[in-house]
Every structure is written in C-alpha cells, then in structure tokens.
Amino acid sequence: MSGTDNVALAGRTPDQPQPYKELGMNEEEYRKVRDILRRRPTASELAIYSVMWSEHCSYKSSKIYLRQFGEKAPKTDKLLVGMGENAGVVDVGQGWAVTFKVESHNHPSFVEPHQGAATGVGGIVRDIISMGARPVAVMDSLRFGAADAPDTRRVLPGVVSGIGGYGNCLGLPNIGGETVFDPCYQDNPLVNALCIGVLRHEDIHKASASGVGNKVVLYGSYTGPDGIGGASVLASASFDEESQAKRPSVQVGDPFMEKLLIECSLELFHKGLVEGIQDLGAAGVSCATTELAAGGTGGMDVQLDRVPLRDPNLLPEEILMSESQERMMAVVTPANVDEFMAVCARYEVPATVIGEVTDTGRLVMTWHGEVIVDIPPRTAAHDGPVYERPVAVPADQARLQADTPGRLPRPSTRDELRKTVMWLAGSPNLADKEWITSQYDRYVLGNTVLAQPENAGVIRLDDETGLGVALALDGNGRYTRLDPYAGAQLALSEAYRNVAATGAQPLAVTNCLNFGSPEDPGVMWQFSKATEGLADACLALGIPVTGGNVSFYNQTGSTPINPTPVIGVLGVHADVRRRTAMAFAAEGHKLVLLGTTREEFGGSEWAHVMYGHLGGLPPMVDLPAEAALGSVLITAAQETLLSGAHDLSDGGLSQALVEASLRGGLGVRVALQGDPFTELFSESVARAVVAVRPEAETRFVDICTQAGVPFTTIGVVGGDSFTVDGLFSIPLHELREAHTGTLPNLMA
Amino acid sequence: MARVGVITFPGSLDDRDAARAVRIAGGEPVELWHADTSLQGVDAVVLPGGFSYGDYLRAGAIARFAPLMEELIPAAKAGLPVLGICNGFQVLAEAHLLPGALMPNAEGHFVCRDQRLRVENAATAWTSEYAQGQEIVVPLKNMDGRFTASAETVEELESSGRVVARYMDVNPNGSLNDIAGVTNEAGNVVGLMPHPEHAVESLTGPTTDGLGFFTSIVKGLINA
C-alpha cells in the first residue's frame, strides 16, 4: 500500500519533519526516540511512543514519588500481586482474593458527561477482568462545581446517568462513594470510578506475552476512530485530513458488549485458554502490545491490518492510538485458538488473531506486508522519560494557613445552634444523595449487605461462610489544600474509619490522585507532600497501597483544583452477618461517643457552608488513635455489641447523629459536656458514635478501656426528634425535609 | 423437587439471583441458555431481569426472538408456569404472552428503590402463597417500567382480576393504574416489574417478602 510511512522509508528520509510537538512530545523526548531506533520513527512508531510516553500512560512526573508506596510499604502477607499489574490482588482468606482499583475520567466527563463517566466505569471494570477476577461491585467519587452553578446542572445529571447507565447494564451493584461540590471544580469535575473483583487464588492472570509461537488475539468491539480526538494533531502534515473530519473526541461506551466481555473472559479463564491478558484502555493497541510484549518473552509480531475496523479508512497510526472501548487482548497457545474462538462465538464476541509471540526482543508490526513498526517494546512500555519537576511552596500557602477560622463569628444562642444543625444537614455536601444513588442498581448480584449512605459498602463473597469485604472511598480537597501531607493522611484515616465502622478489618489501599498541572511547581509541591503523607500513613496503619492512578492537569482556567487525593480502603469481614450498620433503630440503646474532640474548624464543613471560608490548618492527624478506634469497632462488631455505629467526619457529631437518626427512623436525646459549638461541629479525627446493646454495655466499656479509646455516654436512642438537653429539639420530619430536599430542588 | 429453569439471554443480569431465590424456596434451579432449543423438561421458567441485548432496541424486543423462546411460547400457552421479572416481563410482553407494553419511566431515568406493593391476585401459579391484598416491600429497579396498554385492555385486566400487583405510596414510573404486574387469562404466566428475587434474604434484601413468588411455584408443583 503506497503512502504508508514504513521503516524502510524512515531509513531513507531521516530529515522528514514529524509532528511530535503536536502529539505532545517535547524535542528531547523526540531525540530520545531517534536515539533508541537509530533513525527517525515511522508515523506509527511516533504514535506509539507519543501515547506511551504521555503523562497519562508513563507517570513521568509522578513516578519518583509513587516509588515510596513500594519502598515504605508495610510488611504484609496479604498481597498476592502488588503494584505495577493492572490492579493489586489481596488475600481475603478461605482461598478467596480480591482486586480493586480506582481510576479517573475527569476531562472526558466535562466534555461529554454521560459518555465520559460511562467509559470511566467501563475502563476500570476491564482492568479488573484482566486480573482474572469477576467484577462484583462499583463505587464512585465525584466532585462538581458549586451546587447551584448552571453548569453543574448539565454535568451532574449526565455523569450520574452515565455511571448508572453503564454500571446498571453491566449488572454491577453500586455500593457507595461520595459527591462533593466546590467552586474549584467548576470547569474540571472529578469522576473517579472504583471497581472490585473477586477470584480464587489460583485464577490470578497477569499481563504478559510468554511462549514463542503463541497467538495474540484481539477480542471485543471493532476498532473505530473514537478517542483519537485528543491527538487530532495527527491531521497535520503528512496525515490524511479526510478521515479526521467526523471523529468524536470522547469514547462512546457499549455496556452490553462489556457485559458479554465479562462473561466471555471469565469462561476463557475458567477453561484455561488464556496465557496472558491485557485490557485496552488509554493508548489502546499501542499499550496492549508493548506491555504484553515487554512483560513476556520479549517480542511480538503483529499484522496490524488484521485489526477489525468499524471505519475502514483508519490509518495504521490511528488504529494504534484509538481508544475504542470494550476491547481485550489475549495470548493463546496455538492448540487452544479454536476453542478460544468457539467461546467468543458463543457470546457473540468478535475475536481475531492479529499476531504471535516471538523471542526477537522486538515488537514488529506490518501493514499489508510493509514493516511499519520495529521497536524494542520495553522502551515504549517501561523506559519512558522520568522527570523531577520543580517544586515550590505555593505563594499563598503561609497566608492561607494563617487565616484561621478563629475570626469567624460562631453560633452561640440556642436558636443559632439549632439553625446551624439544620443548615449543615441541608447543605449540598452533607445533604442526602438519594437523588443520585437511586439511579444506581445496588441490589443486582444479590450480595449487597450495605450500600450508600452507609459508612462503607459491604458485599458478601461466599454464601456459605459469609466471608465478605467492605470498601470506602474518601477524599477532602479543602484539608489537602491547607496541608497536603496531612490532607492525604486524613483521607486515608477517614476511609479506614468508615471500613472499621462496619466491623471490617482494613487490609489494603488504592488511590486516585487528582491534582493540577505538574508543570506548576506549587502543584508539584502539593503532590510531593500528599504522596509522602499517604505512604507514611499507610506504613503507620499497616495497610499497603496496591495500585492507583494519577490525574494531573485538573485546572479551572489557570487555577488548579484543590489537590484531591481520593483514597479507597478495602477491609475484610470473616462473616458479613456480623457487620454493624449505621442506623440508630433500637429504642433505649445508649449512645456512646468514642475518641477525643478538639476545637478543630480549619477546612471544616461549617466554615465552608456558613462563610465560604478556607483557611487555617485541617484537623490533627492521629493514626494511633485511628487504629485504636478501629480495633474497638471491629471487636464490637464481631461480638455484636452494637445496634448501630457511624463515623464522625464532615459536619462533626451533629451531622453523624442526624444521618444515623434519619436512617433508623428514631430520634436521639443527648447531653453535651463542653462548649456546645465545638462538641457539635468540630471535625476531629478518630471518632465515632455508637448505639450499644443494653446487655453489652459492660463488655463494651472493657474493650474501650483496653484499647485506650476515650468514651463518653452522651445520650440515648429514641423519640422522634434530635434533642440536645438544654439547647434545642428538632423534630425528625423537619430534619428529613432539610436533609432530603436539597438535591431534588437543585436538580429540578 | 420442582425444577425451575432460569433463562440467560445476552445481557441478563439477575439470572444468578433468580436461581438463588429458587434454591432458597426449596426448588432446583436449572440454567437455560437463550440459544438452546430445549427447555430440559423443567416444571416452570423464570425470565430474569437485566438488559437483554443492551435494550438498544425496545427492551425485550430482540430477546423475544431467541431460539429458546420458540420452545417457551407454545409451552406457556399450554400451561407451563412462567414468571418474567423486569426485563423478563418486557420479553413476555414483546412475545405477546402478556398484554400491554413497558415504556421508559415517566421521569426519564433509572429508578432503584424499596417499593411497597399490594398483591391483587393471590390465585396465580406464582402468588398462591400470598394473601389477597397482602402488602409487601421488594426492590424495584428499572429504566423502562411504565406499564401501558389500551384503555380496553386495562379495563379487561382490572375487571378480570388480572392485575397481579399494584404500586403503593408512589407510582415510581408512571404505570397506568399503578400496575406493577399482570397475568395471562390462565394465571400461569406472570410479569412483574419489581424484583422479588432481591427480597429473599434479610441480609441482602429490604425484606424477605419476595420469597413467596418462588415458594408459590415450588409448593404448587409439589402439590400438583
């Protein structure tokens, strides 16, 4: 085929100008490619290097910081597969393992909220499938601009329908997450999707292409021009402009095909037909071929013209960069190819052999007989550039920390305190999120034990033994803006507390690090501090990071978002029948506040809601106290001492009592010892409020005493109002109206 | 033991849950594959929820032409007990085993909620374990759940007692007459938009109120 740039031509035309800058490469990187190949790259090779060396795929700005998650990792025998694979795999006992990961799809969700969010779910689900696991649940962590901003009414419903439309159609229960509004996310919403999968120990699959002569099979959807838009620069210079005209810049999801891919892939694994596997996400065929080849015997021959196309006019370099969804690549022994194809046919999933594994150490691709790619795959997959970008404390950091909330007028009268309870309960960040979560199927698969708005999602893995897992996803951009080191630790702390509140033993961590531009030294400083804080805290709590994702370039105009590390913690329940739920639903049970309350309002929900204020320092991190609190909550659950437990976080004790009361449909009556404002609204860490079964009171006190966790009996469950002795009494129906009315009104 | 088949179409989602419900009710679930041509001698069939073929055409419109449906349709007409849940109801309506059609929800988006229902007909093959007029709470989760039919059909369904269940408190999808489920004239084929198979264990469901649909068929078959 004439006109296709190939290796022979590249050798003869060393000086041909190439659009590397438009593809996002700098001159130094382009030079490096030329040095590796000892000639200029072909158009296809340039496509591969440009996407594989992009920030998104190569982690070139974050790599030097992410290393500490491995270097500082606590010793554990629970990690069956560590970081580096598609997702880490954690031993949860009884021969079962769990894999989980969270990933961002922020920018596409701003451009096209529905498809952007939908394909975010699709991508993370394929990550889980490629570990050999059956996906069993999803969660999502969302950030939008101000709740009353006009564009939020465009973005939020689209994102929610995208997550719901895709996840519901896949048959995966959505068991939790968070939704936060802040003007800093106005032009840059965050959509972080998490998927959890389960597998038997013996079923772990890895991304590698081993065994010379084994076949490389591409299966799933046909390849189209979607997702190349971001790199539409291909249209420049020597590329065909005609084929560029109609391409969408955001990928379009087909959840039905993904559902078939799940069932088809699991049957392929089950029948032992897969030697190696990789999902196709960012950088599509480029990523899958280079990573599979680099991870295995070292070489691969691919006939790129065999890739089945939705648009026959696609150029080879476009096929390499396409991010068409719902595609997987498998390595299959020649003897198994027929059976592999038969399984795919049963599920009506297209599958095509496009190449085979070699030991040449080269990834060689042909296009109608001409060699268009001939590279050492490691150089694209693993040996990309690594940057140590400049870091500098942001110019306003000291001023921000000095501007403490101490100057803000506080509620002092009974009526002001009462109103503050109501305002917080109805504020967009703390209000009931049912408008969102009722669009997600939480029941499908029949194993959901707890789902939103519970402390954490809990699912059963084994019907017989009751083995299960808990998952929580938390982040706080305001805390992290005030102190990035502490902010990341506070996110971990909260997720740990949420998992423990259900009675699960925390085991492992995943993260999605959402930050501004790495070229901004202030952002890089935030990133360096946040990753350091997270790694240190994981070590202190004894739970390793198993994988994660970095999302840079989250800006509104030239202003970076509040740095937002979103942290997922996975915990295990030996028997989910002993989980603790958040509702206070048992009349007469005593309410006990666990932990120490300090006067801490920096970055608090109160300062945000009442004054739009952000300044001072976030609550003090106290990881030993967090671990001690966790041990009490876990033991109490195992011995079924509690009828309800709710963690304290945003909005403090007041909000925790409101939520647990409304959930259980019963009021609470409490008496406060110290300053009512601090007692009600402070956001000190390592605290929870629990309802203790009458017969278990003595035992519970023993457990708290042994663990060194401060405890105070503050009141009792019952009645139909939220009553603070001597201060106020708010009927539950009034609270419910304030708490549940906000989102429907905003989205009406 | 009563053998209850559960058909898996491409895109079926609640098939394992329906099988679990059959098991908990004391029956033996039998996996049936849409492309097969044998009902394997089962005593009853459940068409589970999901998004068969992605619901890219009308919900249930393609599944209704599956090879196994060619076996099922005459069997159902001859009296085989068949329960269609959610997408299964849509398939049965598309196959004209049940009257009416299921349209997109009035509010235009997916709804998942714990829904109170009243059992209006406790004489069908799938509802005999309930009392007439009994109120139950089971999950409802759908995109296309708005029951619609001609005025004459609705009148006929109402007057002949063929409305099996009705929504209470709120009508979650805009269904005519708050209709949540209907049956055929013989009472062996039932379509239900809510999901009783998700209310069979107190651990994972809002109630265990849904179990009655499955014990009805299992006991009925044993007694038959």
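Note that Cβ sites are derived from N, Cα and C of the backbone, with glycine treated the same way.
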In TrEMBL, A:Tyr59, A:Asn511, A:Gly548 are given as binding ATP, so which of A:Lys101, A:Lys433, A:Lys590 is in that site too?
A:Lys101
Please identify which of A:Ser528, A:Ser551, A:Ser558 is recorded by TrEMBL as part of the substrate site containing A:Ser104, A:His105, A:Asn106, A:His107, A:Arg126, A:Gln251, A:Glu323, A:Ser324, A:Gln325.
A:Ser551
Please identify, among the binding-site residues A:Asp127, A:Asp279, A:Asn549, the one with the smallest Cα-Cα distance to A:Asn106 (substrate binding site).
A:Asn549
Take the region 'Disordered' (A:1-24) and count its residues per DSSP category (helix H/G/I, strand E/B, coil), listing them in that order.
6 helix, 0 strand, 18 coil
Could you measure the widest C-alpha to C-alpha distance across A:Ser104, A:His105, A:Asn106, A:His107, A:Arg126, A:Gln251, A:Glu323, A:Ser324, A:Gln325, A:Ser551, the residues recorded as binding substrate, and give it to a whole number of angstrom?
20
From recorded positions A:His56, A:Asp127, A:Asp279, the one whose Cα lies nearest A:Ser104 (substrate binding site)
A:His56
Which chain-mates of A:Asn549 (Mg(2+) 1 binding site) that are at least 6 residues away have a CB under 8 A from its CB, listed by sequence?
A:Lys101, A:Val102, A:Glu103, A:Ser104, A:Asn192, A:Asn511, A:Cys512, A:Leu513
CA pair A:Gln325 (substrate binding site) / A:Asp279 (Mg(2+) 2 binding site), Å rounded to integer, equals 10
Thinking of Cβ pairs under 8 Å, which stretch from A:212-367, A:454-572, A:587-720 has the most of them with the domain 'PurM-like N-terminal' (A:84-198)?
A:454-572
Work out how many Å separate A:His56 (active site) and A:Glu323 (substrate binding site) at their Cα atoms, rounded off.
13
So of A:His56, A:His105, A:Arg126, which of the recorded positions has the fewest other Cβ atoms within 10 Å around its own Cβ?
A:His56
Summarise the domain 'PurM-like N-terminal' (A:84-198) by DSSP state, stating how many residues are helix, strand and coil.
45 helix, 43 strand, 27 coil
